[in-house]
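Beneath this line is the structure, given in C-alpha cells, with notes to follow.
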Amino acid sequence: MNKVILRILALLFLLGIGAVSAQPDGRIVGGADTTNYHTKYVVQLRRRSSPSSSYAQTCGGCILDAVTIATAAHCVYNREAENFLVVAGDDSRGGMSGVVVRVSKLIPHELYNATIMDNDIALVIVDPPLPLASSSTMEAIEIAAEQPAVGVQATISGWGYTKENGLSSDQLQQVNVPVVDSEKCQEAYYWRPISEGMLCAGLSEGGKDACQGDSGGPLVVANKLAGIVSWGEGCARPNYPGVYANVAYFKDWIASRV
C-alpha cells in the first residue's frame, strides 16, 4: 500500500472521529445506575439553542468550588453563557429536584483545538454560588496532583448512551475502567496526536466506556478528579480506549482562573 493511500485512509479516520458530545442524551456504556450519594460532585450542563427554546442536558461537569464547574471545552466553545444552566444534586437527567443555577461566564482553554481535541477543558462560572456548606447532595471534588498510573481503576459518571447510537436513560450511570498507557493509546489513534494534555482509559476488549452525552463529565481516581470526558472512536469498541482531558496537566491553568 503506497503512502498516498495511507494518507487518505488516515484522513478518513480523522474525519470520522468526533467528540463524544456529538449526540447528547443517554448513559454510560457497560455501567450501572448510581445516585448522587456517591457522586455529589457531578452536575448537569443544560443548554438551550435560543432564548425561546427549552433547556436540555447536553454535557456533564463536576464541582471544583461553590462557583466553579469543570467541563470539556467542546461543550461550551463558541457558546453563550446565558444559554446554560447548571443543575447540581440531582442524579436524574432532566429532573428538577436539585439546585439550578445560571451561568455567568464560560472559560474554555485558550489553546483548545477542535480539530485534534487538544486542551479540551473549560471552566463554567455560576451565579449565585452553589450552597455547598448547607447541602447534603452536592460537594466539591479535589483535583488530582499527578497523572494516575497505568492500570489504576478509574470511575466514569454520566448520562451518555448505553451503546453507540443507543437509547437514553434518565438515571446517572457509573462504570470503572483502567488507565491505559499513553503510548498504547497513541498506537490505537495513530492518525491523531495523544498529547500531554490527554489521558486514556478503557478495556482492550471494549464493553465499558463513556459515550455521547457523557462529555465534560468526570473520570475519578482515588476520589480525585483525574480526567474529563473528551473524545474517542465510537463507544466501548475493542482496542479504542476513551480519551480524557488530563486534569493534573491543567492544574496550574485551573488555579490561575479560579
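If you go along the chain as it appears here, the first residue is 1 and each next one adds 1.
Each Cβ is built from the backbone N, Cα and C atoms, and glycine gets one as well.
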Exercise for the section: With C59 as one half of a disulfide in Swiss-Prot, pick the other half from C75, C185. Expected result: C75
Exercise for the section: Looking at the disulfide bonds in Swiss-Prot, identify which of C185, C235 pairs up with C211. Expected result: C235
Exercise for the section: Could you measure between C59 (disulfide bond) and S215 (active site, charge relay system) for me? Cα positions, answer in whole angstrom. Expected result: 5
Completion exercise
Closest by Cα to D209 (site 'Required for specificity'), out of the recorded positions C75, C185, C200, S215, C235, is C235
Practice task
Check the Cα-Cα distances from H74 (active site, charge relay system) to the recorded positions C185, C200, S215, C235 and tell me which is shortest.
Solution key: S215
